[in-house]
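*Asks:* Quick one: structure below, then a few questions.
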Amino acid sequence: MKPLKILISNDDGVFAEGIRTLAGAAAFRGHQVTVVCPDQERSATGHGLTLHSPIRAEKANELFGKGVSAWGCNGTPADCVKLALNEILPEKPDLILSGINHGPNLGTDIFCSGTVAAALEGTLAGIPAIAISIASFQWRDFSFASQLALEIAEEALTKNWPQKLLLNINTPPCKSSEMGQLGWTRLSIRQYEEQFTRRIDPRGNPYYWMAGNAVKDIDSAGDGPSQWPSDVAQIESNSPSITPIEPDLFWRGNISDLPAINLKNYFSR
């Protein structure tokens, strides 16, 4: 296939090994690669935008290999993609990749994910987009995930890529020789035990550190073909997952299941 114009972003920042590996792999395959990503760690920022302070971007080519044009931006992941599409890039890219994230983006955790938000900006702009994550904060070999994402993108772009489709890929933290088959999955619904650590600052005022542990994964039966496993189950079986996502959050249950609100009792004020 002809070389692609690829925009790459992330939420781990411009110094993260995951994005540098992905950008290098894309350039090695002959693609035209531009990186526009946060200049620092921006994990768990979701789809936040910077509206009350200036957004700045500086060249960061020296952090990447040959053939990669890079920018570090002081904004959120979503800011970075918006800025790239509207100011930095001379023309619309063929593909947006976000990652490789240092840690999983599974189930309903995607609502907090800056990685997925960056890819979603591409989807909203009508550009094919993929978010890529490794399901471990300790695993540091990003080569397999890079090749997997690029091969999937190259194949999918020669076939049918529906409008509003975002692909969310997670790979297990193990060698490729130990992995099972890549499979289509649906989002799990994750429930957490929230934890806050309360501390006192030198002025005697309390402050908090937030953490949490996933205590339950609810299989989201009915979302996608019923025979598909959840993304969490797929990763737990040491197999890579690929989950199709769209930005339309409209509820698709039965009308009879909605609360029986008498709408005629309400009027416009």
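Each Cβ is built from the backbone N, Cα and C atoms, and glycine gets one as well.
This is the feature table in Swiss-Prot:
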type	residues	note
BINDING	ASP11, ASP12, SER43, ASN101	divalent metal cation binding site
*Asks:* Highest CB neighbour count within 10 A among the binding-site residues ASP11, ASP12?
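*Replies:* Output for this query is ASP11.
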*Asks:* Applying a 10 Å Cβ distance cut-off over all chains shown, what neighbour count does SER43 (divalent metal cation binding site) have?
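*Replies:* Around SER43 (divalent metal cation binding site), other Cβ atoms within 10 Å: 19.
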*Asks:* Write out, in the order they occur in the sequence, the residues of the chain not among ASP11, ASP12, SER43, ASN101 that have a C-beta within 8 Å of the mean position of the C-beta atoms of the recorded divalent metal cation site.
*Replies:* ASN10, GLY13, ALA16, GLY18, GLU41, ARG42, ALA44, PRO77, GLY99, HIS102, GLY103, SER113, GLY114, THR115
*Asks:* Looking at Cβ-Cβ distances, which residues of the chain lie under 8 angstroms from ASN101 (divalent metal cation binding site) while being 6 or more apart from it?
*Replies:* ASN10, ASP11, ASP12, GLY18, SER113, THR115, ALA131, ILE132, SER133, ILE134
